[in-house]
Amino acid sequence: MLRLLRLLLLLLLLPPPGSPEPPGLVPLSPGAPPQAPDLLYADGLRAYAAGAWAPAVALLREALRSQAALGRARQDCGARCAAEPGTALPAVLLDAPGPDSGPGSAQGAWERLLLRAALRRAECLTQCGAQRLGPGGTARLRVGSALRDAFRRREPYNYLQRAYYQLKKLDLAAAAAHTFFVANPTHLQMREDMAKYRRMSRVRPQSFRDLETPPHWAAYDDGLELLGRQEAGLALPRLEEALQESLAQMESCRAGCEGPEEQQREEEEEEGAGSQGGLYETIAGHWVRVLQCRQRCVGDMATRPGRSFPVPDFLPSQLRRLHEAHAQVGNLSQAVENVLSVLLFYPEDEPAKKALNEYQAQLGEPRPGLGPREDIQRFILRSLGEKRQLYYAMEHLGASFQDPDPWTPAAVIPEALREKLREDQEKRPWDHEPPQPKPLTHWKDVLLLEGVTLTQDARQLNGSERVVLDGLLTPTECGVLLQLAKDAAEAGARSGYRGRRSPHTPHERFEGLTVLKAAQLAQAGAVGSQGAKLLLEVSERVRTLTQAYFSPEKPLHLSFTHLVCRSAIEGEQDQRMDLSHPVHADNCVLDPDTGECWREPPAYTYRDYSGLLYLNDDFHGGDLFFTQPNALTVTAQVRPRCGRLVAFSSGGENPHGVWAVTRGRRCALALWHTWAPEHREQEWTEAKELLKEPEEEEEEEEEEEMPSRDPSPEPPSRRLPQVQDKAGKPPRVREEL
């Protein structure tokens, strides 16, 4: 009966037929207490399964609103109750126990202080929760772990885009699809749906927006874009907003660590492991789990939607950009505050110390009271206090803790744990990655070692971060790779695109081969092992040179390697007007009309540098060319030849395309590189293992196997009213330059 009443209420809240839909997913009942998100979501799925599209939209939107309102209420109540008199613990109780904390007269005193503060805080939270959320407060609206995961993966938006499409609300369908796809970039069906929406004339370009973009990421990206345009004055407000929103996002996350969901998780763990100890052991165990959750909030805040790993040192990097931007516009006092804040994280950071000396010299006489930012000081002091308690629990209670911060001072870690933590750090999951050479003093040293010559630099190519290098392959090596491509094509090993025609033009045939497919074919005897091994070796050679030339201080990882051949179809070249590959950028969606390049899905946003290593020149057409952002004005053109590498940054500063291949067969090795280790090419390692000689396997049989990449969750099926996860390796879309 209650569910029927809820459904009728939400139907009344829907706009009448023919009325304009508000832009975006706005609250259906502003100011109303949130309802149970799990019940709303379940009812929404039932309506969806029954084809009741309007009720499904209403219920799913209300579930999203209630989930967000529930989080805000918890955060607000936590902040209010923490400021209430008598609810705060004395500072001495918030540090790790010291060697002198034994039994004595003080024991009863701290127990009374602890219990009194805990009882008063609980009373305040209960009353606040009842006022904001109704009787029962947060306990009544407890959300299970399965639903939390579904909302984290934005699965309601997958249902919403389908329901909006059925209701002919295409702009809202595109927005919901885009919102889901940002968090699930490997989902191929949604990628196809996005492409369909982009081809629809009734869908406006501005509809492709992320409705769940965390405010700190939106402000941060805007600030970076403005800095890239040398507009530091305009970038500063957005960068400052990004920092404040980052801190606010962590507070929201920390508030959730004290919610009933965390208690539910502990209860589930205890059911499997059995209860451990009495009152004090239980209190300590619960507190340790709260602290672990709070520390994880740093990584959660620094992880972009759809990414598996956080941006390293996200807070210090924001402060670095802030002090540099303040210095550019002459705000030296603010520059000093921010660079001093960087030094709180890394006291021995040489660039920061050098910048500080420059700012102080420009300021002249010392400014009393000029110090690090207070918000950063509070963050660091609180974080270090929690880390001390967690390391104490590791040492004495057997608790686990993975420190999310590389800046944690060694003095915080007990000496008995330092060696063990150092060993664990060395056993990182990319131990089997090809060895990363230490950066050389100059990229010319690498070219000299490889016997490579610099043919054209960025200035000669009329752009930025572009280069043409010759001599990476000998004619014999080109012949081996060409034979590999031919043998693989004859074996039916086309990868990614099913069919004989190119995905970019009907006038060419396309053949593609990945490193893993080459290794599998070699193992099956369909192609020679020499070619498959050379493919691996050459891809690492290109990575080394690309890193040395463009990124000597920051390791690059292979993200995807593809041996690609394009062949002109005879009899179809007369009066041909199209391109072999249209103008595009590799890590952003190029909009030639505005000159903008949006670094968001469906682009491969994690790509940082691209490379094309050519294998032959006995064909007509097929030259690579760069353009201005309008995709029309050609700024440079490169003719392929054996052993020639064209490398360039993958962003909107390097739009490029390929002229039509009008005769013959053009083959090249396309490679993409990334700074993000989580996006390294897993297939490269698998191929290396397959091609390993027997004696090599014996030498390395004691090494740990590299763990497979965590599978990305599949969104819910359109036919089933339940969320389903599929284990296994996520499918990948093959793409070539």
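Keep in mind that glycine also has a Cβ here, set from the backbone N, Cα and C atoms.
Feature annotation from TrEMBL assigns signal peptide to 1-20.
Residues or ranges marked as region 'Disordered' by TrEMBL: 252-278 (among others).
TrEMBL lists 259-272 (among others) with the feature compositional bias 'Acidic residues'.
Sequence annotations record features per position, and here TrEMBL assigns domain 'Fe2OG dioxygenase' to 561-675. DSSP states for the domain 'Fe2OG dioxygenase' (561-675), grouped as helix (H, G, I), strand (E, B) and coil, give 0 helix, 58 strand, 57 coil.
Taken from TrEMBL, the feature region 'Disordered' covers 683-737 (among others).
The compositional bias 'Basic and acidic residues' annotation in TrEMBL covers 683-693 (among others).
What TrEMBL records for 694-705 (among others) is compositional bias 'Acidic residues'.
The annotation compositional bias 'Basic and acidic residues' is assigned in TrEMBL to 726-737 (among others).
Summarised by DSSP class, the composition of the compositional bias 'Basic and acidic residues' (683-693) is 8 helix, 0 strand, 3 coil.
Mean pLDDT, taken over the domain 'Fe2OG dioxygenase' (561-675), works out to 90 on the 0 to 100 scale.
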